[in-house]
Amino acid sequence: MDNLTFIIGVIGNIISVLMFLSPVGTFRRIVKNGSTEEFDSLPYICTLLNSSLWTYYGIIKPGSYLVSTVNGFGVIVETVYIALFIQFAHTKMRNRTAILAGVLNVGISGTTLLLAQFFLHGQMRINVIGFMSTGLNIIMYSSPLGVMKTVVTTKSVESMPFLLSFFFFLNGGVWTLYAVLVADWFLGVPNGMGLFLGAVQLIIYAIYRNPNSSKQIIEDLEQADQTERLLPPSSNPTQE
């Protein structure tokens, strides 16, 4: 069982690294165009805060080093993303991103870690950080809900990167299995939710990934309806 848990944990680390790197294409586009366009910085800010707490959780909880290693990597990557976002966003979005990052990633994160380190001890420290990490993990997985609404409204997947949704789905599934094996429900609950929301995102992406085809189908149906209206109604002979 220990070997299986370790293997699943390593697989989870690999998938999580890929998940953290999945927005690279998005940021390559941002750098190339010199604009953040319709992309939102909130998912990256939430992910940075979440990764910071999970890194600390993995450090203070015995046997959870696989949690701390991958989330430590996430802290570095998300910091780079936010820095690029601030550099290329328009003034209003740049200010909003800087304020949110300062409040959440510096103020709240720093205060939480300092209080936990100096005023909490043993299992109490683990439980408090675990509960906070679980809540923020749920926020991380649910943060693309606004983007999903945009996709449904505009019938375009431009603002919802496929790789990010795909790795959310895989990441949630693997870490849910890992949580079951180690009986860690702080990991299990949010990642189970991530598995579900990732599946929903993939379904939405599959529906709206080719808007031109959808428009063509609608136009064909409308044309068929108009043609049918131009045809004379069929008459049934009456028998006397």
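Each Cβ is built from the backbone N, Cα and C atoms, and glycine gets one as well.
Keep in mind that this is a model prediction, so the values were computed, not measured.
Here's what TrEMBL has on this protein:
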- 6-27: transmembrane segment (TRANSMEM)
- 65-86: transmembrane segment (TRANSMEM)
- 98-120: transmembrane segment (TRANSMEM)
- 126-148: transmembrane segment (TRANSMEM)
- 160-181: transmembrane segment (TRANSMEM)
- 187-208: transmembrane segment (TRANSMEM)
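Within the chain carrying the transmembrane segment (6-27), a Cβ under 8 angstroms from the stretch's Cβ atoms is held by residues 39, 44, 47, 66, 69-71, 73-74, 77-78, 81, 84, 161, 163-164, 166-168, 170-171, 174-175, 177-178, 181, all 6 or more beyond its ends. Taking Cβ pairs closer than 8 Å, the transmembrane segment (187-208) reaches residues 67, 133-135, 137-138, 140-142, 144-145, 148, 151-152, 155-157, 160, 162, 165-166, 168-173, 175-176, 178-180, 214 in its own chain, all 6 or more past its ends. Cβ atoms under 8 Å from those of the transmembrane segment (126-148) belong to residues 40, 42-43, 46-47, 49-50, 53-54, 56-57, 60-61, 112, 116, 120, 159-160, 164-165, 168, 172, 186, 189-191, 193-194, 197-198, 200-201, 204 of the same chain, restricted to positions at least 6 beyond its ends.
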